[in-house]
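Annotations per TrEMBL:
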TRANSMEM  70-89  transmembrane segment
TRANSMEM  95-114  transmembrane segment
TRANSMEM  126-148  transmembrane segment
TRANSMEM  168-187  transmembrane segment
Amino acid sequence: MLSMFSIMGAFRTAPELIHVLRHYGLFHSVCVPSYIEQDRVCGFWTWLFVLSKLPELGDTIFIVLRKQPLIFLHWYHHITVLIYSWFSYTEYTSSARWFIVMNYFVHSVMYSYYALKAARYNPPRFIAMLITSLQLTQMIVGCAINVWAHGFLKTHGPQSCNISQTNINLSIAMYFSYFVLFARFFYKTYLSPDGNKIRRMAASLAAQNTAKLSTNSNGDDGNRNVNNKKLDINADLTMASHTHKAKAQ
């Protein structure tokens, strides 16, 4: 469900950003909130984007209720995005058009990957690495947008760019912290020797469990065959006893 929502959101918001960049340039894309004030479609999907942060935070709640391991990156990311998205929406932050499009796009890939995993498909390992790489790229671009916004405020004045300095400070701190956390996650999961050991142990355990299930299944079949043979022998003995009695009579 979240994968389809993100895909639709990306298709409904990305064209507006591309149009603005092609016809009006970088300054307009960072400083003018036309995506929410003039474009009704993009404005509607911006509103849905802000609301969607609640069900995404629900993933964290379900993890806690199921008593599963909850990493700092997971709950920190969801909580801060929720707070920042709602704060930016109240200000009609102009640079948020970049953040919304990037988030929709990355989530469309990420949640599609999760959907395949939930359906018991095993996508190649490089897909997971690609998703984390996209997230890292998203954080770098997010920091760059905030640096540009700060520069536009200084050169053109606060009245020319619809973004507050407070918002820029919060956003760049958030994106930089995300970059550090996702880079650490990428290294520990895909590059560090410990991460390789953990993946090999997980694969070994999965193979052992599969072998056990196969053995148990074969054992059950063997037991059924033995029981069937016992029944056949008992039936033959019974028939032979009846035949012997008949002859004696």
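Quick reminder: no glycine exception, Cβ is built from N, Cα and C everywhere.
I'd like to know what surrounds each of these features in this structure.
For the transmembrane segment (95-114), same-chain residues at least 6 beyond its ends with a Cβ under 8 Å from one of its own Cβ atoms are 2-3, 6-7, 9-10, 13-14, 16-17, 20, 29-31, 33, 35-36, 42, 45-46, 49, 81, 85, 88-89, 123, 127-128, 130-131, 134-135, 138, 141-142, 145-146, 149, 163, 171.
Sequence-distant contacts of the transmembrane segment (168-187), counting only residues of its own chain at least 6 positions beyond either end whose CB sits under 8 Å from a CB of the stretch, comprise 72-73, 76-77, 80-81, 84, 87-88, 95, 99, 129, 132-133, 135-136, 139-140, 142-143, 146-147, 149-150, 153, 195.
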